[in-house]
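Chemist: Before I ask anything, let me first share the structure, which is written out below as structure tokens.
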Amino acid sequence: MKHLIDKANTLMEALPYIRRFSGRTFVIKYGGHAMSDERLKESFALDVIMLKSLGINAVIVHGGGPQINETLKRYGIVSEFVRGMRVTDGETMSVVEMVLVGQVNKEVVGYLNQHGGKAVGLCGKDGSLLLSKKLLQEVTGEDGAIEQIDIGYVGDVVKVNTDLIKTLEQGGYLPVIAPVGVGLAGESYNINADVVAGRVAAALNAEKLILLTDTPGVLDKDKQLIQKISVAQMHRLIEDESITGGMIPKVVCCAEALNDGVKKAHIIDGRMEHSVLLEIFTDVGIGTEITK
């Protein structure tokens with residue numbers, strides 16, 4: 001009997017959040033181990049479909065780094081990286097677009113639909129969804145001066161066509177976006193998926209930006225989870241090197257989205273089943289909540 005009461009209490013705990021977020025938009029960056037483990041893929045799909053059934057508009061932006069690496073290796077193309085950014089020449093961009101748009105995007109859409117969703121796959125070229133420009137990478141030269149170098153078809157989002165996303169949402173569809181942007185001349189750009197998610201969330205004035213990662217969330221120097229943090233506190237933790245490495249661009253992406261109007265950002269562990277529901281509909285959550 002107790003386990004039944006516990007289930008009822010869990011449902012009651014979720015009730016105020018369901019009421020608060022119905023009709024709002026969540027932008028979720030889907031990536032990491034959650035995209036490769038079959039059990040986690042099913043869990044994520046069910047979480048997203050649950051959000052939609054509760055009246056929450058979920059917009060998915062997915063990554064695909066491992067799949068890109070595997071395909072480039074198969075084609076014998078060696079990648080060069082500058083400060084973590086893939087140098088993307090024309091040949092590499094063709095492979096990136098093929099993998100993200102033609103393979104990964106369709107896999108995510110198919111999985112959501114298989115589990116009862118109405119997902120529609122998009123990339124930045126569809127309806128000029130992600131109008132983009134070339135991103136120049138800053139590096140420090142031998143003389144200590146900051147230089148900007150061209151790393152090919154790597155871009156940043158200039159404008160998001162929210163009309164297309166809103167039209168799909170109103171029809172009950174789940175937009176699934178591949179992080180490939182389009183330039184003014186129709187050229188394709190490879191864009192960091194976290195950045196795309198942040199820009200889309202800001203353009204939609206989203207309630208939440210949620211990044212699925214392969215860590216529990218933002219950790220302190222003792223490797224303990226920080227459950228709640230403000231942007232100001234986050235910058236201090238970067239300065240004292242509590243936050244380092246690959247987590248820095250993720251928290252910076254969240255900070256930019258918050259400054260541009262997103263209400264809250266969350267960095268959560270995508271390796272945990274139903275991580276999205278546990279973060280949103282429980283009082284404690286399972287990851288890090290970032291506020292302005």
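Including glycine, each Cβ sits where the backbone N, Cα and C put it.
Feature list, courtesy of Swiss-Prot:
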type    : residues            : note
BINDING : G64, G65, R86, N190 : substrate binding site
SITE    : K29                 : site 'Transition state stabilizer'
SITE    : K250                : site 'Transition state stabilizer'
Chemist: Specify the secondary structure state of G65 (substrate binding site) as given by DSSP, simplified to three classes.
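Modeler: Its secondary structure by DSSP: helix.
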Chemist: Measuring CB to CB from K250 (site 'Transition state stabilizer'), give everything in the same chain under 8 Å that is also at least six residues away in sequence.
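Modeler: Long-range Cβ contacts: D194, L211, T213, I267.
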Chemist: Measure from the Cα of K29 (site 'Transition state stabilizer') to the Cα of every one of the binding-site residues G64, G65, R86, N190, then give the nearest.
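Modeler: The smallest Cα gap between K29 (site 'Transition state stabilizer') and any of the binding-site residues is with G64.
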Chemist: Out of these binding-site residues, G65, R86, which one has the fewest other C-beta atoms within 10 Å of its own C-beta?
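Modeler: Across G65, R86, these binding-site residues, the one with fewest Cβ atoms within 10 Å is G65.
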Chemist: If you count Cβ atoms within 10 Å of the Cβ of K29 (site 'Transition state stabilizer'), leaving out that atom itself, what do you get?
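Modeler: Excluding its own Cβ, K29 (site 'Transition state stabilizer') sees 29 Cβ atoms within 10 Å.
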Chemist: List, in sequence order, the residues of the same chain other than G64, G65, R86, N190 whose Cβ lies within 8 Å of the centroid of the Cβ atoms of the recorded substrate site.
Modeler: G63, I68, N69, V96, L100, P179, A193
Chemist: Taking only the residues the record lists as binding substrate, namely G64, G65, R86, N190, what is the largest Cα to Cα distance between any two of them, in Å to the nearest whole number?
Modeler: 13
Chemist: When a 10 Å sphere is centred on the Cβ of G64 (substrate binding site), how many other Cβ atoms does it contain?
Modeler: 25
